[in-house]
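Student: This structure is in structure tokens; I'll ask about it shortly.
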Amino acid sequence: MNNKKSTNVVWQETKIKRQNREKMLKQKGAVLWFTGLSGSGKSTVASALEKKLYEMGYLTYLLDGDNLRYGLNSDLGFKSEDRTENIRRVSEVAKLFADAGIITITTFISPFIEDRNNARKLLGKDFVEVYIDCPIEVCEKRDPKGIYKKARNGEIKNFTGIDSPYEKPEKPEITVETYKDTEEKCVDNIIEYLKQHKIL
């Protein structure tokens, strides 16, 4: 990978501003940053939230961690430096979506506080951290992709929660507890926050 920075570039201002797009869409651009262990319910809740918001007439886009590794991040592995670059790229993409006035939902384990804080710095007021709280015992029991078993057997290295750490959010804007609340209640809690903060 060529790490040389671009030179001789100038930011191009456009005639249509973010506020124009938000006015047309009747919504505020935002980034709902879902974080939690594998199997905690990030994708499940995010997908249900996107569907609910769509039914309510809002424009959304879901950036899924696995899906982006098929394209944009296909050159990255799961070592610490790759995870950091993964989150950096996603943050930049999410920033573009928010600027377009879109409610952007990201579902990434994003295990490191520093990486999430860097995303928060880049995205500013658009960043809404959504902690999908679920004990590892429950996640491992669910194991929808069969990867906890592989990690326990040593077939997968650097697996979050097993041989790589997950750093819980310190002050997330939203916490949903998927191990005791229904999918519907989790979605309703997030929507209530979005309404209270005039994103919807």
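Just so it is clear, glycine is given a Cβ too, placed from its N, Cα and C backbone atoms.
What Swiss-Prot shows for this protein is this:
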- SER110: active site, phosphoserine intermediate (ACT_SITE)
- GLY36, LEU37, SER38, GLY39, SER40, GLY41, LYS42, SER43: ATP binding site (BINDING)
Student: At the level of the C-alpha atoms, what whole-angstrom distance separates SER38 (ATP binding site) and SER110 (active site, phosphoserine intermediate)?
Tutor: 10
Student: What is the set of residues, excluding GLY36, LEU37, SER38, GLY39, SER40, GLY41, LYS42, SER43, whose C-beta falls within 8 angstroms of the centroid of the C-beta atoms at the ATP site?
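Tutor: Those within range, site residues removed, are THR44, ILE109, ILE132, CYS134, CYS139, THR178.
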Student: Could you state the whole-number distance in Å separating the C-alpha atoms of LEU37 (ATP binding site) and SER110 (active site, phosphoserine intermediate)?
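Tutor: So the Cα of SER110 (active site, phosphoserine intermediate) lies 9 Å away from that of LEU37 (ATP binding site).
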Student: Quick one, of the recorded positions SER38, SER40, SER43, SER110, which Cβ has the fewest other Cβ within 10 Å?
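Tutor: Result for the recorded positions SER38, SER40, SER43, SER110: minimum number of other Cβ atoms within 10 Å at SER43.
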